[in-house]
């Protein structure tokens, strides 16, 4: 069992990577067809992940349960990201990150109706408040905010498949090292990505991408596909699914800041109001969990004194 500090550092790193990934995705598709950027991302990530497994001498199980877990994990990669990449034509990086702020709510609904997990009254209230915040963002964005209903729908699908993957991996509960789980999920994602190639062959890159697009693509490979997935599956095995989804509460404002500073994405006052309402809703949703965690930490500190 990893130490508390180890889990905390993993959590912080994951938040930073996921806050910067939407902008990296937007940049990576500026000079490459968006689906080719996704395919190339996995084609590069797979051999690197396999090499890391060999160098670190990590066992890669191929039994039925492990393969099932790899398939479940791939839904947080290719399953979710195919919709995210498609949404880049309609949404800015900041809005994409804000949409992922709904992941805890989606996870809560999946847990309630798919796994019979009980939701408290305050959680339902938090959900409603967060949805109101998203509605403010979507209706106040306009052309300057790069907000489009199709993009919103695509991101809802992305958030759903990502949230479903968390529960699916935990339900399979395979005894697999996080790096092996990440590699297996990347392998399945790569195979699925290759199935897309016949449909996008006519858009195959015929030139070397611009430096910014190339560096952004490499960032999505190394940070988002490898390091982030290692952190993600490590956290999946050690913390609750809803707590893991809380990472998406922290990323939107960071992502919007990155987009504004690095990509000149305009941010209206109403977008900030909507984001604040959404985050407040998520705070209400997690209030009891956060209070319980503080009380538990206080008791542990008292016992250790």
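Residue numbers in this text run from 1 along the chain shown.
Placed from the backbone N, Cα and C atoms, the Cβ positions cover glycine too.
Since we're looking at a predicted model, the values are computed, not measured.
Sequence annotations record features per position, and here TrEMBL assigns domain 'EamA' to 9-137 (among others).
The helix, strand and coil residue counts that DSSP assigns across the domain 'EamA' (150-286) are 117 helix, 0 strand, 20 coil. Here TrEMBL flags 150-286 (among others) as domain 'EamA'.
Here TrEMBL flags 7-28 (among others) as transmembrane segment. When Cβ-Cβ distances below 8 Å are used as the criterion, the transmembrane segment (7-28) is approached by residues 37, 41, 84-85, 88, 92-94, 96-97, 100, 212-213, 215-217, 219-220, 223-224, 227-228, 231-232, 234-235, 238-239, 247-248, 250-252, 254-255, 258-259, 262-263 of the same chain, each at least six residues removed from its ends.
Under the heading transmembrane segment, TrEMBL lists 34-55 (among others).
As annotated by TrEMBL, transmembrane segment applies to 67-88 (among others). Same-chain residues lying 6 or more positions outside the transmembrane segment (67-88) and placing a CB less than 8 Å from one of its CB atoms are 22, 25-26, 29, 34-35, 37-38, 42, 96, 99, 151, 154-155, 157-159, 161-162, 164-166, 168-169, 171-172, 174, 176, 181-182, 184-189, 192-193, 196, 225, 229, 232-233.
Marked as transmembrane segment by TrEMBL: 94-115 (among others).
Here TrEMBL flags 122-144 (among others) as transmembrane segment.
Summarising the annotation, TrEMBL assigns transmembrane segment to 150-169 (among others).
Here TrEMBL flags 181-201 (among others) as transmembrane segment.
Sequence annotations record features per position, and here TrEMBL assigns transmembrane segment to 213-232 (among others).
Summarising the annotation, TrEMBL assigns transmembrane segment to 244-262 (among others).
Per TrEMBL, transmembrane segment is recorded for 268-287 (among others).
Across the domain 'EamA' (9-137), DSSP helix (H, G, I), strand (E, B) and coil residues number 101 helix, 0 strand, 28 coil. Between the transmembrane segment (94-115) and the listed ranges 34-55, 150-169, 181-201, 213-232, the one holding the most Cβ pairs under 8 Å is 150-169. Packing against the transmembrane segment (181-201) from elsewhere in the chain are residues 33, 35-36, 38-39, 42-43, 45-46, 49-50, 52-53, 60, 66-67, 69-74, 76-79, 82, 169, 174, 225-226, 229-230, 232-233: each is 6 or more residues past its ends and has a CB under 8 Å from a CB in it.
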